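A.B. asks: Per TrEMBL, the features are:
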- 26-45: transmembrane segment (TRANSMEM)
- 51-74: transmembrane segment (TRANSMEM)
- 113-132: transmembrane segment (TRANSMEM)
- 178-197: transmembrane segment (TRANSMEM)
- 217-237: transmembrane segment (TRANSMEM)
- 249-269: transmembrane segment (TRANSMEM)
- 275-295: transmembrane segment (TRANSMEM)
- 315-334: transmembrane segment (TRANSMEM)
Amino acid sequence: MLAMAIGNLISIFPFIYFYSKFGPRLVLFFASLISGIFTALTPLAKFYGFWTFLVVRIIQGITYAADFSALGILCTQWAPLEEYGLFLSLISSYSPASIFIICSSSFLNWHFIYYISSIFVLIFSFIWLLIYKELPQLSSQVTIKELKKIQKGKNNLHINKKINEQKIPLNKILMSKIIWICWLNSFAEIIPGIFIIQYKPQYFNYILKYNIFNTGWLTALPSFLHIPLKLLFGLASDKISFISEKNKLILFNNISVGLPILSYIAIIFAPNSIFSLFGFISASIFYSASCGGFYKCSILTSRQFKNKLEWNNIFILFSITSFLANILFCIFATDKPEKFTQNE
């Protein structure tokens, strides 16, 4: 996990530059291509020892960071404003989907999981390169009616300029408090989410004493529930009309960042394994609402641009971070575009 985190950290600003220079089509293709190759090399790297394995994992972390910028670009360029929630929920479901597929395949040799994953990554990389266009109006598959729906409510800069043709107002973005608060909420939701995904099998196996087969299925179960609920929350975020957009953002953020605190508390004070399982499963359910909270808010505002006690300390930290992040979001959340998104 540390290696992946290091890779993500050192590649954040380089990917901002690459996306602004070359656009998402080539950047995501090459990132996916490299990811697929190094995924296939992971079993071999493990054979050669820790340091080789560490380097491969760091490179995978670097390429994984390309996904986050791509999510925002795809949503702002290709989704109608009134369907951002559903669109985000669809294109951000890859992590729980992969966890469900991999963890429910515990009957396979672990080497084959890497090889099969690599094949799919490489196939989809070339599909992306062949069919993706930087703007909807450049695609022959988009009808006039669909194009009008996608462009409704967006400004001319938003509609007509590719991401690599736009000057990114980085200073203004960094001065926006709501952008920082969205990042903080992203940290408060994504970091615990990644930690739980990464170490949930070990917790079930070593702490709760489940065997390998049951650990695999119990690990896959929350991800299986997460995907349909994420789509449901995304659709609800778009279709609910009896409360304002701002209040919808706050509501869904309270679910995705605030309520997981209860899940962490359940894990910390669980008297038995059933309560611990409830904590992990409920956290995954709550995370699925994030597409209608800080994810959607960041898109709307920025637009185009090994004992149980040791585990308890981690979940206490997650609880405090989630509480502070969610309180700040409730105070400063807005559905209005920031000044830096407007034409100079």
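Note that Cβ sites are derived from N, Cα and C of the backbone, with glycine treated the same way.
As the structure is a computational prediction, the values presented were derived from the model and not from experiment.
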A.B. asks: Which one, 26-45, 51-74, 113-132, 178-197, 275-295, has the most C-beta pairs under 8 Å toward the transmembrane segment (249-269)?
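C.D. replies: Against the transmembrane segment (249-269), the leading stretch is 275-295.
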A.B. asks: Given the transmembrane segment (178-197), which of the listed stretches 51-74, 113-132, 217-237, 275-295 has the most Cβ pairs that are under 8 Å apart from it?
C.D. replies: 275-295
A.B. asks: Should anything in the same chain at least six residues away from the transmembrane segment (275-295) have a Cβ under 8 Å from its Cβ atoms, list it; otherwise answer none.
C.D. replies: 85, 88-89, 92, 96, 181-182, 185-186, 189, 192-193, 196, 200, 203, 207-208, 218, 221-223, 225-227, 229-230, 232-234, 236-237, 248-257, 259-260, 262-267, 269, 329
A.B. asks: So which residues does the transmembrane segment (26-45) touch in its own chain, when a touch means Cβ under 8 Å and the partner is 6 or more beyond its ends?
C.D. replies: 15, 18-19, 52-53, 55-57, 59-60, 63-64, 66-67, 70, 110-111, 114-115, 117-119, 121-122, 124-126, 128-129
